[in-house]
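Written below as structure tokens is the structure these notes are about.
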Amino acid sequence: MKYINLMLTIILALSLETFHIIDACREIGEVCSKTVFDKCCGNTVCKLRGPFYGECVECLNSGERCWRNSECCSGYCRWFTCQD
């Protein structure tokens, strides 16, 4: 019974820590990975410089890789690239 209580306590502690990590976000200029674990705060976006490695910026410039219109400074993302 003690073993089960110990395991449940450990699982609960790890779960709470995971939720804390997921809720955290990065400010402009900080390192990000464009994942739920390393996301940028607010309306800022992660400008990737390599696989899962980038920096939080206000918006992406023309020619940079994007997923949504809202990520681009121009507001226009076409074929995964910001356009003017």
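Glycine is treated like the rest: Cβ placed from N, Cα and C.
Within 10 Å of the C-beta of CYS73 (disulfide bond) we count 15 further C-beta atoms, all protein chains included. The annotation disulfide bond is assigned in Swiss-Prot to CYS59-CYS73 (among others).
The disulfide bond feature in Swiss-Prot is assigned to CYS66-CYS77 (among others). Under the three-state DSSP scheme, CYS66 (disulfide bond) falls in the coil class. Long-range Cβ proximity for CYS66 (disulfide bond), meaning a same-chain Cβ under 8 A and a gap of 6 or more residues, is found for LEU60, CYS72, CYS77, PHE80, THR81, CYS82.
Annotation source Swiss-Prot lists disulfide bond at CYS72-CYS82 (among others). Packing around CYS72 (disulfide bond) is summarised by its Cβ count: 22 other Cβ atoms lie within 10 angstroms of its Cβ, all protein chains included. Under DSSP, CYS72 (disulfide bond) is assigned to a strand (E or B) in the three-state scheme.
Swiss-Prot lists 1-24 with the feature signal peptide, giving sequence analysis as the kind of evidence.
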